[in-house]
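Undergrad: Please read through the structure below; I'll follow up with questions.
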Amino acid sequence: MDNVLVIIGPTASGKTKLAIEIAKRANGEIISADSMQIYKYMDIGTAKPDEEEKEGIKHYLIDEVTPDEEFSVARFKELALKYIDEILSKGKLPIVAGGTGLYINSLIYNLEFSDTICDWELRKKLEQEAKEKGNEYLHNKLKEIDPKAAEKIHMNNVKRVIRAIEVYTYTKKPISVHQEESRKNPPRHNFILIGITMDREKLYDRINKRVDLMLEKGLVKEVEKLVEMGYDKSTIAMQGLGYKEILSYLRGERSLDEAVEILKRDTRRYAKRQMTWFRKIENVYWINKDEFDSDEKIIKNLKYYLATFGIFL
């Protein structure tokens, strides 16, 4: 099987930077596994690399759809596999980098997702319930039918909560059972996993600084522009981190300082959930950034590890 490198880790840990450094040395191209970077017009709040930061390395699954378009895990897997084959056909190394756990799992475990199970009426009804009764009410509904899925899916991830309820309603089988059964499928490629970790307080400090930098770069203007384009609170992408908080400020629901503090807090919580998710993945070669005083030393460490798979940096 062909090698595919996968770089995982919490938000603000430096996945993209490491992926670019490896791609430059190993003749690679990068596939983003980030559920927010797929959206056009949302650049600052999703921390997309700009052209200068990409350093000439081709990136896939960035700016794939507009903010009001549906983009499922099944669609991610389909496109990611297509781009992996495309990169391999050029004799290059595919590098998947991102922090969306379900996207990563869909590839490394070759999970099967049925997009054919779809009930628009039920979906609209559940969306309305979430608006009227709150996210927690809907999450409790999921808890009753699929406690395992409820444990993994955050109550604010309304889209995934609804999807899990929808699958159970149609199949009478919890989505967690579907996922466990589909894990028996052999993976399509030899996925080599590298994980980035660091001291929690250092990571939280990086997150706080990243949010401040987003504000400096013009996050408020970016959200204002999206609102002008017709994207509002009901748009799926606008419920993402960095957008819902600034939107609440623009709607006069809280001050900018409050919105920023909530964004920092919720991003830290998200990073914690990401690490909990990634720690459950087996055969990850973990890089603790605290043990290295430069990126060059991290590359040197990886050089010996990746050489065992025939990947030379």
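Any Cβ shown, glycine's included, is placed from N, Cα and C.
Annotation source Swiss-Prot lists ATP binding site at Gly9, Pro10, Thr11, Ala12, Ser13, Gly14, Lys15, Thr16. Annotation comment: Swiss-Prot describes Thr11, Ala12, Ser13, Gly14, Lys15, Thr16 as substrate binding site. Marked as region 'Interaction with substrate tRNA' by Swiss-Prot: 34-37. Per Swiss-Prot, the feature site 'Interaction with substrate tRNA' maps to Thr100, Arg123; the stated evidence is sequence analysis.
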Undergrad: With a 10 Å radius around each C-beta, find which of these binding-site residues (Gly9, Pro10, Gly14) has the fewest other C-beta atoms nearby.
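TA: Gly14, out of the binding-site residues Gly9, Pro10, Gly14, has the fewest neighbouring Cβ atoms within 10 Å.
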Undergrad: Please report, as numbers and ranges, the same-chain residues at least 6 past the borders of the region 'Interaction with substrate tRNA' (34-37) whose CB is under 8 Å from any CB of it.
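TA: Apart from its flanks, the region 'Interaction with substrate tRNA' (34-37) reaches 45-48, 61-63, 71, 76, 98-100, 103, 237, 240-241.
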Undergrad: In whole Å, how far does the CA atom of Lys15 (ATP binding site) lie from that of Arg123 (site 'Interaction with substrate tRNA')?
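TA: Computed Cα spacing between Lys15 (ATP binding site) and Arg123 (site 'Interaction with substrate tRNA') is 34 Å.
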Undergrad: Which residues, same chain and not among Gly9, Pro10, Thr11, Ala12, Ser13, Gly14, Lys15, Thr16, have a CB within 8 angstroms of the centroid of the CB atoms at the recorded ATP site?
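TA: Those within range, site residues removed, are Gly99, Ile196.
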Undergrad: Would you kindly give the Cα-Cα distance separating Thr100 (site 'Interaction with substrate tRNA') and Ala12 (ATP binding site), rounded to the nearest Å?
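TA: Here the two Cα atoms lie 13 Å apart.
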Undergrad: Would you list the other residues of this chain near substrate - those whose C-beta lies within 8 angstroms of the C-beta centroid of Thr11, Ala12, Ser13, Gly14, Lys15, Thr16 - in sequence order?
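TA: Not counting the recorded site residues, we get Gly9, Pro10, Lys17, Ala47, Gly99, Ile196.
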Undergrad: Just to be sure I understand the packing, how many Cβ atoms besides its own are within 10 Å of the Cβ of Thr16 (ATP binding site)?
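TA: Counting Cβ neighbours of Thr16 (ATP binding site) within 10 Å gives 23.
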